[in-house]
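As written in TrEMBL, here are the features:
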{"type": "TRANSMEM", "residues": "B:25-53", "note": "transmembrane segment"}
{"type": "DOMAIN", "residues": "B:85-302", "note": "domain 'ABC transmembrane type-1'"}
{"type": "TRANSMEM", "residues": "B:89-110", "note": "transmembrane segment"}
{"type": "TRANSMEM", "residues": "B:122-142", "note": "transmembrane segment"}
{"type": "TRANSMEM", "residues": "B:170-195", "note": "transmembrane segment"}
{"type": "TRANSMEM", "residues": "B:216-238", "note": "transmembrane segment"}
{"type": "TRANSMEM", "residues": "B:281-301", "note": "transmembrane segment"}
Amino acid sequence: MASLILRRPWEKLLAYVVLSITGFVMVFPFIYMVLSSLKPSTEVVQVPPTLWPSEIRWSNYVEVLNIVPLGTQLINTVIVTALVVLGWVITSVLAGYAFARLEFPGREFWFGAYLATLMVPFAVLIVPMYRLMLVFGWVDRLEALIIPWLFTAYGTFLLRQFFMSVPKDLEDAALIDGASHWGILFRIFLPLARPAIATLATFAFLYAWNSFLWPLIIISSPARKVVTQGLVDLQALYAARVDLIMAGSTLAILPTLIVFLFAQRYFIEGIATSGLAGR
Amino acid sequence: MANQAPAALPAPTARRLSGRRVRQWIDAFGMLLPTILGVLIFFLVPLAISFYLSFTDARLFGDPNLVGLNNYQRALSDPTFYRAMWNTAAFSLVTLIVSTVPALLLAVILNERIAGRTFFRAVFFIPVVASVVGVTLLWRYLLNVDFGFVNYAIRLLGFEPIPWLTRPEWGLASVILVFSWKTIGYNMVIFLAGLQGVPPQLYEAASLDGASRWQQFLYITVPMLSPTTFFVLVTTLINCLQVFDVPIALGLTRSNTVGPADSMLTIVPLLWREAFIGGRMGYASALAWLLFVIILLLTFIQFRMSRRWVHYE
């Protein structure tokens, strides 16, 4: 596409100035965070602030992993995230395929009804969900962070849209050969759906890794908390140790940045094509 | 669509097809079963319980008693509820502008054929993927009144330092700042996708007709982008009304106020505090349903208003 708005050289220059300043505002906090996480505890509260650490303190990371205890909480977060990602992918592939390629009474209605659940704010569900967890005996247990969150209307929508775009000849040929729908799904559709699954998995990862409100309500033992809770505890209990808080934040943010680096395409395409994110 | 006209086929074929159809129903049911169970147990049941609890005096433990509309009446006469409502409204209104206008501007620039556009797109998107709690604690440090980097920069420029997190009048501004910083990249990507859907021929034609670039923006870009703009406004508003992580991570104090003098208290943090610190689950449920009704109303109003300014092809 030709340049539509920026024609003169000074306009391009202005555009780069705007982009660079915005880019700086978006990225500098992260750089400052990492540098601060390596400073001695007196240097992070120093006025005027320093940029480069006067001495590099890797020991901050060792310390932060053992207090709160953030190390255990990171492991909990990894477990919860891995299972939620797996759950999202499995339930969305199955439901998305059924809604896209199988015919059954009321299909469009049920799909619409499922999408409509996205309208209900999570706030409406937290109190009864807490009581439900009491009944199940899952209060203060990792089950509460995993089992209720294995399904997603968003993911079903994403996979349904993808499966609908696959030409019908493929499955007709397989049906004539006597294949079952389960076989067609796993042998023909699943390999084709890899990009859509990658998009869904990146969203599921973000959602599970960053979740905060529900763990805050349901988990109270330090050894069973997730990393977002650990960070808030760190802030509450060690407010004066900004170096440790920055080390903790770095540990919580780094995995998402690494995933983003590798899966950038899926993130951005996922948002651009579906415009949806979240549950 | 082989199985849609069984009547026209000879009898044996029709029977085989209908058997296949039943097979399909069973397969569909099997594939949907995990989702059906999930929605039933973890959505529909809680939804019904929540509605019921909002008319009871439920506490953290024990059996609830029905109290009619007491919870709703109580909310409407509670100054803290009005404070949270006001904060939510002010936060949402300002964020609706601050997180969308710059996003549109950046998207328009990145829609041009310039070097480094994928690089910048990725850079602006970084805050979107980073943990909300993580970046909010990072901003809590940056915005510190004494040793924060932001006030250091403000002093360098020759202005008075700003008590971002320590004075009630700055509390909401800080929440808006952090939330918008995190949301701009997301809105930008959606705008960018919308811009790329505008056919270039429209601009070429307008340009041949002698339309200025500003006219092209106003009469081609703005109307062609209006469905995207509408989507961005609706989703941003819904997210704003439900904001929780940022005010809690930025402002929660030992005495459980959210920001100095509850200046960062919005609806969902209030609901959380009532239910899980105060133990008033019935009241919190009523707050949740009030929020739900407000979201539905505002979304409905946005849809009604959209008829005047959103143009679908």
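Glycine too: its Cβ is placed from the backbone N, Cα and C atoms.
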Any chance the transmembrane segment (B:216-238) and the transmembrane segment (B:89-110) are in contact, meaning at least three CB pairs closer than 8 A with a sequence separation of 6+?
yes
Same-chain residues at least 6 beyond the ends of the transmembrane segment (B:281-301) whose Cβ lies under 8 Å from its Cβ atoms:
50-51, 53-60, 64, 67, 71-72, 74-75, 81, 234, 237-238, 241-242, 267-268, 270-272, 274-275
Residue list, the transmembrane segment (B:25-53) vs rest of chain: Cβ under 8 Å, 6 or more residues beyond ends.
64, 281-282, 285, 288-289
